Amino acid sequence: MRLTSETGVVCLHTHSRLTLSERGRKRKTARMKRFPILALLLWVATMFYVGIFLFVGGFLLVRLEVSRSSSCGDLLTLGDKGGPDFCQGEPRFQRAVILIIDALKIDFARFDAQNTAPKPFENKLPVLEEVMSSQPTHSRLFSFRADPPTTTMQRIKGFTTGSLPTFIDVGNNFASSAILEDNLVHQLGQAGKRVVFMGDDTWESLFPKKFHRSLPFPSFNVKDLHTVDDGILQNLYPTMEGSDWDVLIAHFLGVDHCGHRFGPDHPAMADKLSQMDGVIRSVIGRLENDTLLVVMGDHGMTDTGDHGGESLKETDAALFLYSPAEIFPPPGAEVEPEVVPQTDLVPTLALLLGIPIPYSSIGQVLLPLFPRDTQTAGALDYLTQAEALWINSKQVNRFLETYSQMAKDIPPESLSLLRADFSRLSSEYHKAAQKGLPPPPALVAALQGYLTAVRDTCRASWARFHPLKMVAGMVVLATACVLCLAVSELPAVLVEGGSLRVPLAVGAGLAGVVAALQLLNGGYTDVSWCLGAFALSSQLLFLWKLWCTRGSGGKGKAGRRSLLPQLTVPLLVLLLRCASLLSDSYVVAEGRVATFLLCSLGIYVPFCLNWDGLLLPVNHDPSKPPGVHPSPTLSPSTVRRESLTLLVCLGVLVGSLYLSLSFHGCREEQGACSPSAFLAPLSRVQDSRLRNLHYILSVASLAAWTYTLRRWLRHYGNLNCAGPAVFTARWLLPVASVCLALHWAVSSTPEESFRSLSELIGLALVALPRAAYSLLGLGVALIWLDPLTVFLKPRQPHQSRGSVLPPRYRASTGISPQAELHHLIPQLYQRMRRSLEDGEQAGAAEEDGRPAVEAYGLGTVYSAPLVLQWGLLGLGLLMLHSEGMALSFLLLLLEAAALLHLHSSSTSLALLQGAHTGGFSVPWTPVLLWALAATQFFHATGHLPTFPSIQWGAAFVGFPKGHTGTLLPASLVTLNTFSAHILFAVGCPLLLFWPLVCEVRGGRRGRGLVAGEGEEGEDAVMEMRLREKPQQFSCALLQLASRYLFIHGAQVLASVFAAAILRRHLMVWKVFAPKLMFEASGFVVTSVFVLVGMAMVMRVDMAVGNWFKRLLPEQSR
């Protein structure tokens, strides 16, 4: 075997000077506290989960649904009580064809004859303009405005029920459940109308068993532009030519999927819109006079092809109405609306087709489709505008009365005004009907105003809150933050004797009491209050116990420590950041603000060191008395070299931050902002040269990622053994990288370029990413199976007992034997045996000539598996992003390395100048920098705390034909969205290990050593110090994890306060509520992967302990 190492070589001898008394003293702290630490961290994270659950349960309540249905027996009469019911009359239309072109924004439907150089999405539907020009009384084109969220399921619900979806409904877009409220499909079925549906299979889940005939096609694969549309076209025309239908609904998806995949400004969009133009022409040619054609979009799309938010580009779709018979007045004859709300389609279609308006509809009939009065020629049997408005108003008033009795969220003063208005309008309408006169225009306008007022009141009132649950959630979250701070300040107390048994038992008992009281009083149990009681009581009892025992490690009052830390500069920065979350402008610009804070806090590190006199060597003044200056442990040149390293790392950090700004996305509120070109998949890039350049940069970044990880492992001698982890680093990591690079090449290939190889390309799109998934998953599994990357090499004994000679081999890297001696640990073996409680008798002397071994990679035994796992996860997460993000991920790697070296250099400078206080504690500054980096790279990978920015395409990497369920795609999208949170959470323990990995030889005094250990304390270097002091190791891990969780938990608490305080703010649903959802979700993901990182450390510690046990000779046991 060829050995490779530049450092990290550890020499192990097999002699011991351990006495029985010393060995007995070591037994008590021989192992780190693994399970108690994980259990405590899991409990702390759970407390945050409960607080989030409580607050969200009070803040994002779903609007109360009214389960009643309209019928023709509801006495919705045209005039006075003895008048005929409109259901018994002749409807305006017997049939209707509804063509839903998903994401047909109004800009796609307009035609500009003066535009000589149209974009791919412009002037591609000329049929609409041709029909409106040739038949102006037969057709109209309106801007069709959707209510946010502009996702498909919510839009279908909106234009079939006439109701307004609530904010939380956006989460159900890909897990659609049946619509229980009254709707058009239900009413058509009740009236005996045969409804035939074809297209998006979302309808089938929303309206199960409601169609006369249904032809659903899978809709979730946004990369598939043709399957749904081609399936519709195979059945649309034969169905129209038959007689077995009354209402035909066809939902096309090609335009929407083309926008998601390529964006609107792409030739594929021109092809799709041209195809839809042909469909509309063909349908118009097959219509009869008693049939109404509705061509509509459910929502629009942004310039990048996304939707889900509330910008005009996302909400303004197109609505085109046509019939072979005249249905509109001549243009200019009356004022027509420029924008039609989507909810208005429901009462309009219901009255035109002769069915009751759905019970919960708050829409308003579209008046141009109804004649003005009964004297209108040829319209004596049809509803007039006044009659349609009266029926509409009575239906809305009935719903308002029913809803106000079931729920109390409509303000009483608003409800009283609306009731008074309707009573007055009802009286005026009946007076006109009794006199046989048509209602005056003023009454028609007043009825319109009443319907508009009801809709505005409902829209404002349906942001329904439960204040008590919100307050309870905030209290639990605030207590959890205090708990994290207390744990971080007193980890030693918890490691020594902290127990969760009593707090958990008391909390569970109190939760049971709350559940019993609920059952006795109301006959039901609300889980929210039980969880709240459990969380709050267990936290308070735990904090009380911690308060009582906080002085156990000290002497008297002087030994008692505070539960809370002092307000230092890093905590002040965190406090200011949390306070700023109450500003909508800060949330909008959070990506750049996080970059600024990260850069500023990074600059603060050398500034603070210089302020304390630690950045440069101390110049001793002989006139000052001894003890004024700290005692330096190394020469000034070593201090200068370490200071230079720190400044170089700071430069790399600033450079990485500056370059990462090139990968940010844009929010609607940012105006002229242009999203990064790297966010778009290579398949959207039309210029072949630019596409090739992007691909080369992406592959080069991928290669640099893989090479850097392998180079680091090689540098510290972790690639010499034949274990599973080394096999992963040597083979699985590079092979997975090759699969990823090939996948990018295949996925960026234009479809029209290799049509003959379409089947092979389709196979590669499935096989390559799945192969990469398998390799990366196998690699992670192998690391957990055996995380050690240590290689033992026997060597000859020393010439003499007191001398240290160079080993008889040289590393393959060409490093000199003298450099290798720099990392030998002559006495390490004996020190490890002390912590393993071996059975060797005290006073046993080393026999001359006994062989020793050199251990490659033992100095980085903890960090090497973490770095390797971090690299594998990074590759997997990169695969879920567009190809251009490879350069951003490389910058993430550089930034993480710069932060780690910045931390290790500052620690080393404190050690070199004799100013380190000892122990393994990680200060607040590097922890906050690490947490800010997660937020900063959330934005630097193109993500934003908005729903339109979610990169849904991640769900189809390796699954181009879609999924059968929702769990796997939801998981892939979550991994894509929170990639930065995952990587920095898993890598959090590296903050503890890095100063040990990069320690300066000779500057160890004070770190991890206690007084009185003498020269023997100088033997162990790098991460083996942690094995020497398992209790300090456990305390440092617990403190680091609790501080990291506190920082993210404080941000969640700030978002919760912002949403609660500003719940009536104009921007609450556009800015603060999405920010809360993303911050809470990010905390859940972060906490889970922090536990994963800590569990990996403990798995390595267990493996190291077993390794040393196997290393001991049998006779020494």
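Heads up, the Cβ atoms here are built off N, Cα and C, so glycines get one too.
Residues annotated as transmembrane segment in TrEMBL: 35-62 (among others).
The feature transmembrane segment is assigned by TrEMBL to 471-494 (among others). Remote same-chain residues near the transmembrane segment (471-494) are listed as 36, 40, 44, 47-48, 50-58, 528-529, 532, 535-536, 539-540, 542-543, 546, 549-550, 552-553, 561-565, 1031, 1034-1036, 1038-1039, 1042-1043, 1045-1046, 1049-1050, 1052-1053, 1056-1057, 1060 (criterion: CB distance under 8 Å, separation of at least six residues from the stretch ends).
Note on the transmembrane segment (500-520): residues 39-40, 43, 526, 529-531, 533-535, 537-539, 541-542, 545 of its chain, located 6 or more positions outside it, place their CB under 8 angstroms from a CB of the stretch. Summarising the annotation, TrEMBL assigns transmembrane segment to 500-520 (among others).
Beyond its flanks by at least six residues, the transmembrane segment (596-616) meets 569-570, 573, 577, 639-640, 643, 646-647, 650, 653-654, 657, 899, 902, 906, 909-910, 913, 915, 925, 928-929, 932-933, 936 of its own chain at Cβ-Cβ distances under 8 Å. The transmembrane segment annotation in TrEMBL covers 596-616 (among others).
Taken from TrEMBL, the feature transmembrane segment covers 643-661 (among others).
Annotation source TrEMBL lists transmembrane segment at 729-748 (among others).
Sequence annotations record features per position, and here TrEMBL assigns transmembrane segment to 760-785 (among others).
TrEMBL lists 855-878 (among others) with the feature transmembrane segment.
Taken from TrEMBL, the feature transmembrane segment applies to 885-902 (among others).
What TrEMBL lists as transmembrane segment is 978-997 (among others). Residues 716, 859-860, 862-863, 866-867, 869-870, 873-874, 877-878, 880-881, 892, 896, 900-901, 903-904, 907-908, 920, 922, 926-927, 930-931, 933-938, 940-941, 943, 1007, 1021-1023, 1025-1026, 1036-1037, 1040-1041, 1044, 1081-1082, 1085-1090, 1092-1094, 1096-1097 of the same chain sit 6 or more residues outside the transmembrane segment (978-997) yet have a Cβ under 8 Å from a Cβ within it.
Marked as transmembrane segment by TrEMBL: 1044-1062 (among others). Sequence-distant contacts of the transmembrane segment (1044-1062), counting only residues of its own chain at least 6 positions beyond either end whose CB sits under 8 Å from a CB of the stretch, comprise 41, 44-45, 48, 51-52, 55, 59, 470, 473-474, 477-478, 480-481, 484-485, 488, 574, 577-579, 581-582, 927-928, 930-931, 935, 985, 988, 1068, 1072-1073, 1075-1076, 1079-1080, 1082-1083, 1086-1087, 1090.
Residues annotated as transmembrane segment in TrEMBL: 1082-1100 (among others).
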Counting Cβ pairs closer than 8 Å to the transmembrane segment (855-878), the top stretch among 35-62, 729-748, 760-785, 885-902 is 760-785
When you check the transmembrane segment (643-661) against the transmembrane segment (885-902), do you get at least 3 Cβ pairs under 8 Å, counting only pairs 6 or more apart in sequence? yes
Positions whose Cβ lies under 8 angstroms from the transmembrane segment (760-785), at least six residues beyond its ends: 724-725, 727-728, 732-733, 735-736, 739-740, 742-743, 746-747, 749, 754, 865, 868-869, 872-873, 875-876, 879, 957-961, 1096, 1099
